[in-house]
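Straight from TrEMBL, the features:
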- 1-21: signal peptide (SIGNAL)
- HIS309, HIS313, GLU332: Zn(2+) binding site (BINDING)
- GLU310: active site, proton acceptor (ACT_SITE)
- TYR397: active site, proton donor (ACT_SITE)
- 474-612: domain 'Peptidase M1 leukotriene A4 hydrolase/aminopeptidase C-terminal' (DOMAIN)
Amino acid sequence: MKKIALQLGCLVLLISSCSNKQNTTIPGYIEEPHSFSKPNEAVITHLDLDINVDFDKEIIQGKASYSIKNNKASQIILDSKFLTIESVQADGKDTSFSLSDFDEQLGNALKIDINKDTKHITVFYKTSQETEALQWLKPQQTADKTHPFLFTQGQAILTRTWIPIQDSPQIRITYNAKVQVPSDLMAVMSAENPKVKTPDGHYYFKMAQPISPYLIALAVGDIEYKAISNRTGIYAEKSMVEKAHYEFSDMENMVASAEALYGKYAWEQFDVIVLPPSFPFGGMENPRLTFATPTVIAGDKSLTSLIAHELAHSWSGNLVTNATWDDFWLNEGFTVYFEMRIMEVLYGKDRANMLARIGRQDLEEEIEGFKDTPDDTKLKLNLKGRNPDDGMNSIAYDKGYLFLRTLEETAGREKFDDFLKNYFQKHAFSTINTEKFVRFLNENLLEKHDIAFNTEEWIYKAGIPDNQAIITSNKFETVEKTIQQFVKNNAVDKTLTKDWTTQEWVHFVRNFPNDIKTEHLIMIDEAFNLTNSKNSYIAMVWYEQAINHNYHGNNVDTKIEDFLIKVGRRWYVSTIYKAFKRNDKTDVALAIYNKARSNYHSVTANTIDDLLGFK
Ligand code: BES
Ligand code: ZN
């Protein structure tokens, strides 16, 4: 009895001390709908990862040790999904743990018992076949076709499927890793990286700046390094190194221009790894090592705005991070804006405006697609209970961009640039949500310079406000006239297109009249052979039009199928599958998808499963 009273007393003490201490580990922590962790009770601050990459079993096995900041908690909660947790230690001694019921989106809460003064925990674990972050590739799926390949994709909430972790963007940790791979392969991470293979397949990594868990990344393959400057370079398979090196040779200039715009590059090294074509994104801004699709290697540097984009994330995203996935537009909208500014410095206003106009058309189409769910066109989202991927669309990117461009035009570039520089500096290595941003904007730009602006309408209302910046491109106006002329004359005039850039071709293809006749598509394809374009972007938009307009010439159906089987970039393949669906050809789409699906990373497969009602 006495003992119980004593324990009750302790409990009361514990509760009262709990309510007295405010946000002690992460000041201003915002409730996170996509993580089970309770960082204000106990939070991870540093990770020591020690893993073995087993290509035979296709699993990663090892231990994740954490330094923790402990707010006198009796438990620390990590996120875990599809992991086998073998055992857990607290300060070197075995401790008890439990897994909560499985949640389709979030996985399981891994609840680890600790003492109020526990400083370290270690989780022994292995991944499973269901892992969503990892894609294990057979040699056949790589460029050189001689060795297997592995890469991870952490954003948005997939890191927990290969490392047990507090998987919220508001968490920041430094990390060290020891990674064992087969000795004929090289491992690289979002960290300080090796430039050559080691003889024994042991690799050691260090990320000295604190990063959010979604930015922890690993790639393993038969890759080589080639420097572009003393702080930029390329990792790729042998047959891709030279091509990638040429394509991305402006990388050092991009970093220098970015620094001139918004302040010093905070991560020392900026490298890019070119992955096999199943990589589900154009690019992923893993710190120090951007992951990129090979589909941007066009041979003429025409798709390198992707590199400017991922580089820009070194400020907007990696340095100043969205607090929750509802604030995703703060990552992507700012990054598109910054990307356009880098492109303008390097290649001029015409190029930047063409890119912006393409984004403006994407936005128009996205808004049309959301006509029944207008809430999805707001910048600030509410993704509770949904997959954060639902917010990964043109709204965050292109409406976010348009908002910032409109602000820039309203305030004037000089004031806006001062504001942005200050924004990155003040929030470096921290997270920010939309509300905090609005306050910062009011205080440091709008009120400061007495500027009236409808910020709330832009951020919290559906659609696009009337004061939007109007983006014009003379080049694109010429392209539009050219289309009309070709159709009217029933003939093409190649002199009009001979200097066209990729962006002009993309605009040309995307803006055919709705009632364009098959004979005109035949005429255009005979003249320009778009079906066999080596440029993945031009090919992709042409395939979309071929499907829209029932064009079957030039063996285009086979080309579309080949493309969908080889490429796993989600934006490309979903554009094509959507076109099939829109035109009542879901059966054709499914027949191809049956062959292609096993080549896709889980994020692409999940999207296409939903789109086509697969399984
Ligand atoms: N961070 C994104 C990719 C991402 C977003 C992955 C959300 C997972 C969840 C990356 O920076 C990106 O935006 N990639 C674009 C490139 C582009 C807009 C130039 C892509 O993959 O197409
Ligand atoms: Zn991005």
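Sequential numbering from 1, following the chain as shown.
Cβ atoms are placed via backbone N, Cα and C, with glycine included.
All annotation found in TrEMBL is predicted automatically rather than curated by experts.
Sequence features annotated in TrEMBL and their locations in the structure.
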residue : record                       : Cβ neighbours (10 Å)
HIS309  : Zn(2+) binding site          : 23
GLU310  : active site, proton acceptor : 26
HIS313  : Zn(2+) binding site          : 24
GLU332  : Zn(2+) binding site          : 27
TYR397  : active site, proton donor    : 24
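Close to the recorded Zn(2+) site, the chain also has GLU285, GLU310, ALA312, SER316, GLY317, ASN331, PHE334, THR335, VAL336, PHE338, GLU339, TYR397: residues not among HIS309, HIS313, GLU332 whose Cβ is within 8 Å of the site's Cβ mean position.
Residues from the recorded positions list (GLU310, GLU332, TYR397) with a C-beta closer than 6 Å to any atom of ligand 2: GLU332. In the three-state DSSP assignment, the secondary structure recorded for HIS313 (Zn(2+) binding site) is coil.
Rounded to a whole number, the distance between the Cα atoms of TYR397 (active site, proton donor) and GLU332 (Zn(2+) binding site) is 5 Å. Between the CA atoms of HIS309 (Zn(2+) binding site) and TYR397 (active site, proton donor) there is a gap of 11 Å, rounded to the nearest whole number.
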